Amino acid sequence: MENQLGVLNALDAAKTQWYHFTTIVIAGMGFFTDAYDLFSISLITKLLGRIYYFDAHSAKPGTLPPRIAAAVNGVAFCGTLAGQLFFGWLGDKLGRKRVYGLTLMLMVICSIASGLSFGKSPHGVMATLCFFRFWLGFGIGGDYPLSATIMSEYANKKTRGAFIAAVFAMQGFGILTGGIVALIVSAAFDHAYKAHPYNVDREHSTAPQADYIWRIILMFGALPALLTYYWRMKMPETARYTALVARNAKQAAADMSKVLQVDLNAEQEKVDKIGREQFGLFSKEFAKRHGLNLLGTTSTWFLLDIAFYSSNLFQKDIFSAIGWLPKAETMSATKEVYRVAKAQTLIALCGTVPGYWFTVAFIEHLGRFTIQLMGFFFMSVFMFALAIPYQHWKTHNSGFLIMYSLTFFFANFGPNATTFIVPAEIFPARLRSTCHGISAAAGKAGAIVGSFGFLYAAQSTHLDKVDKGYPTGIGVKNALMVLGAVNCLGMLFTLLVPETMGRSLEDITGENEEDNGHQQTFSVEKVPV
């Protein structure tokens with residue numbers, strides 16, 4: 001530890017201060033917006049089908065055709081995946097702070113543009129909606145590696161996991177707010193513009209003004225991002241980037257002296273000595289030191305997101321399948337939005353939000369590894385418990401709701417939080433944002449598999465019961481069985497992820513010892529194996 005810079009030691013040992021909480025809020029509001037934007041789409045897809053794909057001759061309300069539904073649900077994830085890779089790499093090249101405002105501005109502009117989708121024809125509206133949601137996802141993608149890296153590099157070593165988890169926990173409030181906004185907007189429109197259920201009056205079951213509902217819900221996502229833009233621009237660059245990557249000890253000491261309100265020495269000589277051996281991401285040295293860790297973070301995040309996003313995005317379909325939501329034809333369009341939002345808000349309130357904060361409370365006591373393993377285990381248990389007696393749950397809706405809430409609780413008091421935290425801790429400063437971006441992108445690949453795959457897989461095995469335009473699937477029961485098996489695989493790959501609780505970032509990554517072991521590294525490589 002004698003190689004550790006004074007400025008980094010000061011950050012590691014700092015008591016919890018006001019700047020920790022402001023950093024949590026500034027970084028967390030990005031995640032609040034991310035979750036709101038990504039998950040609000042599931043609240044409005046049924047409404048989009050009713051408005052733009054209405055067929056007066058059909059006994060059921062209009063639904064989005066399979067390809068359109070898959071695109072609307074999944075295109076933001078494609079953008080997020082690209083954004084995670086690009087901005088993760090850029091965060092290591094240009095610095096965390098310089099790229100941070102750019103991602104937020106992109107999210108603000110594209111949230112508003114999503115709600116202003118042009119044209120009146122179904123193809124025109126859906127094409128522009130998908131276009132802007134791709135770029136919205138691109139901005140959201142950048143927020144993952146940058147927020148995680150900034151929080152990990154600002155935090156002290158005793159509470160680092162809890163602080164990064166608190167940033168991520170804002171996702172739960174974003175999902176909850178999406179449901180509440182949809183409840184308020186749909187209730188207001190339902191009160192102002194009365195419409196009949198579809199099976200009473202097909203033509204007038206969707207009020208013309210209902211087109212504003214989905215636009216308002218999507219555009220509201222710009223507000224929280226806009227509110228934190230100024231504060232993001234005022235944040236100083238992290239000392240770890242400035243000292244270990246930009247190699248400017250004077251600037252790092254000056255920035256952190258203001259933040260910590262103490263006098264810190266520059267120690268440029270130490271910066272010049274530490275970490276001169278700059279191995280790259282695709283080098284043998286990186287593969288030897290961090291390859292298995294990267295495999296662990298990417299595989300677990302990939303597997304988690306297949307289950308997590310499948311369950312989250314298609315709650316409305318699962319609720320309809322078990323009879324918890326009334327049949328679409330017995331409701332007006334605005335009433336259906338209200339009922340879907342009410343169901344998702346209840347799930348968020350009972351399972352999603354508490355799970356995140358349990359992680360914040362216990363991560364520095366139980367550790368990352370234990371929480372992740374436990375989360376995957378209980379997600380598997382509850383998925384199988386939902387799937388095996390599936391027919392039983394059709395007549396016991398409240399029991400299904402409790403079990404379903406528990407899967408979300410253990411996703412968030414489990415791998416959904418830890419897969420975000422660990423990649424921000426176990427890789428060197430100059431590759432931290434890049435590796436977090438790669439891990440997060442693997443997660444979004446899982447989300448894409450989940451959102452596209454579950455849409456088809458959950459369709460009924462009976463042709464007369466499938467949604468219009470879809471082939472028969474394996475049914476909700478078997479789809480839940482598959483998700484349970486995916487969680488079991490997650491437990492297996494968790495064994496590749498190291499425990500980081502209570503350790504300095506430089507101790508975890510070996511950056512302090514790089515130069516001490518410089519000669520040793522070369523001599524080891526020369527020894528024939």
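Backbone N, Cα and C define each Cβ position, glycine as well.
Here is what TrEMBL records for this protein:
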- 21-48: transmembrane segment (TRANSMEM)
- 23-502: domain 'Major facilitator superfamily (MFS) profile' (DOMAIN)
- 68-87: transmembrane segment (TRANSMEM)
- 99-118: transmembrane segment (TRANSMEM)
- 162-189: transmembrane segment (TRANSMEM)
- 212-231: transmembrane segment (TRANSMEM)
- 345-363: transmembrane segment (TRANSMEM)
- 369-388: transmembrane segment (TRANSMEM)
- 400-424: transmembrane segment (TRANSMEM)
- 436-458: transmembrane segment (TRANSMEM)
- 479-497: transmembrane segment (TRANSMEM)
>> Can you work out whether the transmembrane segment (99-118) touches the transmembrane segment (21-48), with the criterion being 3+ CB pairs under 8 Å where the paired residues are 6 or more apart along the chain?
In response: yes
> Any chance the transmembrane segment (400-424) and the transmembrane segment (162-189) are in contact, meaning at least three CB pairs closer than 8 A with a sequence separation of 6+?
Replying inline: yes
>> Is the transmembrane segment (345-363) in contact with the transmembrane segment (68-87), using at least 3 Cβ pairs under 8 Å (sequence separation of 6 or more) as the test?
In response: no
> Do at least three CB pairs under 8 A connect the transmembrane segment (21-48) and the transmembrane segment (479-497), leaving out pairs fewer than 6 apart in sequence?
Replying inline: no
> Between the transmembrane segment (212-231) and the transmembrane segment (436-458), are there three or more C-beta pairs closer than 8 Å, counting only pairs 6 or more apart along the chain?
Replying inline: no
>> Do any residues, 6 or more residues outside the transmembrane segment (345-363), come within under 8 Å Cβ-to-Cβ of it, and if so which ones?
In response: 161-162, 165-166, 168-169, 171-173, 175-176, 179-180, 183, 315, 371, 401, 404-414, 416-418, 421, 501
> So what's near the transmembrane segment (162-189) in sequence-distant terms, Cβ-Cβ under 8 Å and 6+ beyond its ends?
Replying inline: 20, 23-24, 27-29, 31-37, 39-40, 43-44, 147-148, 151-152, 154-155, 207, 209-210, 212-213, 216-217, 220, 312, 334-335, 337-338, 340-342, 344-345, 348-349, 352-353, 355-357, 359-361, 363-364, 412, 416-417, 420-421, 424-425
